[in-house]
Amino acid sequence: MARTKQTARKSTGGKAPRKQLASKAARKSAPSTGGVKKPHRYKPGTVALREIRRYQKSTELLIRKLPFQRLVREIAQDFKSDLRFQSSAIGALQESVESYLVSLFEDTNLCAIHAKRVTIQSKDIQLARRLRGERN
């Protein structure tokens, strides 16, 4: 067969349809009996934004009560052993700790946005604490 020169043609923008092999065509046309339906997945970030809106609306505590109570008791033992706490005292501590952390993360997020980032980093937390006057 003689070689012929190919001429340039305008592209239509899509791939040309391929011919399927007989075995692949048979597999596609046959109904799948044991096929498992793929679970629905949201785009990345959609669920995160939904959670942000949900937690901004809510007023309930975000840290579980018992793990927080154990942490408070563990820290208090370094200062004095056999300390007892009223449940309302631990509740008040938890309220104030969560309020502090939420406001710190808000300031940290502003620092990340100022640096033209969307991800907070440890240097953002350090800057937020320094601007607040908490850092040595």
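Heads up, the Cβ atoms here are built off N, Cα and C, so glycines get one too.
Just one residue in LYS10, LYS123 has N6,N6,N6-trimethyllysine written against it in Swiss-Prot, and it is LYS10. On a Cα basis, LYS37 (N6-acetyllysine) lies 58 Å away from LYS80 (N6-methyllysine).
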